[in-house]
Every structure is written in C-alpha cells, then in structure tokens.
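Notes for the one structure printed next.
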Amino acid sequence: MADTWSIGAHTFTSRLLVGTGKYPDFTTMQRALVASGAEVVTVAVRRLELSKSGEASLLEWIPKGMKLLPNTAACFTAEEAIRTARLGRELEMGDLVKLEVIGDRRTLFPDVEGLVAAAKVLVKEGFTVLPYTNDDPVTAKKLEDAGCAAVMPLGAPIGSGLGIRNPYNLRIIMETVKVPVLVDAGVGTASDAAVAMELGAVAVLMNTAIAEARDPVLMAEAMRAGVEGGRKAYLAGRIPTKLHASASSPMTGLIGT
C-alpha cells in the first residue's frame, strides 16, 4: 500500500517539496526537480516573469505533472501577502498557497501576528493555506485554529543550512496540532532532511540546500534518499536510547563456562 499524505483535497506520494530559486540556470533547475522525485514545487508569485518577451518563463521549465505551490515570499505585511495570494489564483495557479509574512529582513523570521491575520482571510476566501511559521507550538495551534490545512515550522532560518536546530519544539508542535506538519527552511544536507522525517514530519520543503549545492542534481537525489530513509526510520521505530551498553550477543553459554 502506498505511503501517501494529503493536504486539503490534494494527495501526494513524495514527501519532498522543492523550490525554484537560486539555481544557476533553468536547465539545472529542471534536472534537479526531476532528480528530486518531488511532486510539489513552490514558486514565488511576485517573481514570476510571465510576459517578458524574448525570454522563457520560469513555469515553462517546471516538469509537467508537478503541482504548483505559489508562495507569498517577500511580503512583509498581511495585506501584501493576501494580495499576492489572490494574484496567484488569478494566474490560475490553484487553491494552494504557501503563506509567508516576513517580520525581519535579516533573519527572515515570520511576523506571526500578521501571518495568523492573513491566514484567516485567505481561508475564508477558499484557499488551502500552508503557513511558513516559527517553531512555536502556540503559534502553530493558532494557525490550525484559523483553518490552515497544514503548518510549516522552520528548522532554521531560510537559506542558513543550519539544519534542525530545535527538534524538541518541532516534536511538541507535532503533538499539539492535528493538521500535517511540514518542516520548511534551514535544511543543509540529506541528514538534516532525514532528521526532520525521523521526528515525524509529514514532509520537508527545501530550496537553497539543493540549488546552491556544488552539484544540485546530485544533491536533489541525496535529499530524495534522505527523506525516504527518514520516513522509513520513523515508521520502523528507533530503539530507546540508553546510558549503558546492551550486548548484541547472549551472555550465556559462552565457551569455557
């Protein structure tokens, strides 16, 4: 039986979601997207060049069959984010939206007050909202109560590559909310993706870790394997941690005893 997961009316098999920014060129981006095995790709609505003559649109390079997840990147107020989400829908990018309301330009941490406010409006307008948020369980619960279809807490600041810095809060969020929890931002390498999945995340979203790797296509393959391995480890169940050793072989029936 396939190990699928769902957000709203959408069901997926791959638990890796990828972005489209920071690649050296469109060809590399396209090859990496294919190598990742991802079914969902996020695109910044405000950065789309849909009508620039003489130049191919970013959307033309996204492999056919991938689900578009428009995002409200670079929005610093709830009002900006709401307008941007509406623009994405006008461009026929669907009901899904990765909601970002940034509160600080240096850290790119979210403005959680504005985020919750924007989420409430967009949910009422029929959007399937996936909010990028901090790793605070209280905020995650407020977003769930606002009607968000999932919550996407950061593992570390966007593009930092620092990995999963606060696994304890992420676990509390997963225990607190009933909607899917996707780890978004901060992943640097495949082991970070595996850790996120081992904690119980439904999926992981990343961009910089693949796009700025020395070999983006190979890193996309590594991230795919990391997510799949972490998911299998979570389902299998790790052994309890212990302070002292526990012999693998029986201590009875030894030679000479």
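Keep in mind that glycine also has a Cβ here, set from the backbone N, Cα and C atoms.
As annotated by Swiss-Prot, active site, schiff-base intermediate with DXP applies to LYS98. Taking the Cβ of LYS98 (active site, schiff-base intermediate with DXP) as reference, residues of its chain lying under 8 Å away and at least six apart in sequence are, in sequence order, THR42, LEU69, PRO70, ASN71, THR72, LEU130, PRO131, TYR132, MET152, ASP184, LEU205. Look at LYS98 (active site, schiff-base intermediate with DXP): DSSP puts it in a strand.
The annotation 1-deoxy-D-xylulose 5-phosphate binding site is assigned in Swiss-Prot to GLY159, ALA185, GLY186, ASN207, THR208. DSSP assigns ALA185 (1-deoxy-D-xylulose 5-phosphate binding site) to coil in the three-state reduction, placing it in neither a helix nor a strand. All chains included, 25 other C-beta atoms sit within 10 angstroms of the C-beta of ALA185 (1-deoxy-D-xylulose 5-phosphate binding site).
Candidate binding-site residues: ASN207, THR208. Fewest other C-beta atoms within 10 angstroms, THR208. Of the binding-site residues GLY159, GLY186, GLY186 has the largest number of other Cβ atoms within 10 Å of its own Cβ.
Same-chain residues that are not part of GLY159, ALA185, GLY186, ASN207, THR208 yet have a Cβ within 8 Å of the Cβ center of the 1-deoxy-D-xylulose 5-phosphate site turn out to be ALA156, PRO157, ILE158, SER160, GLY161, VAL187, MET206, ALA209.
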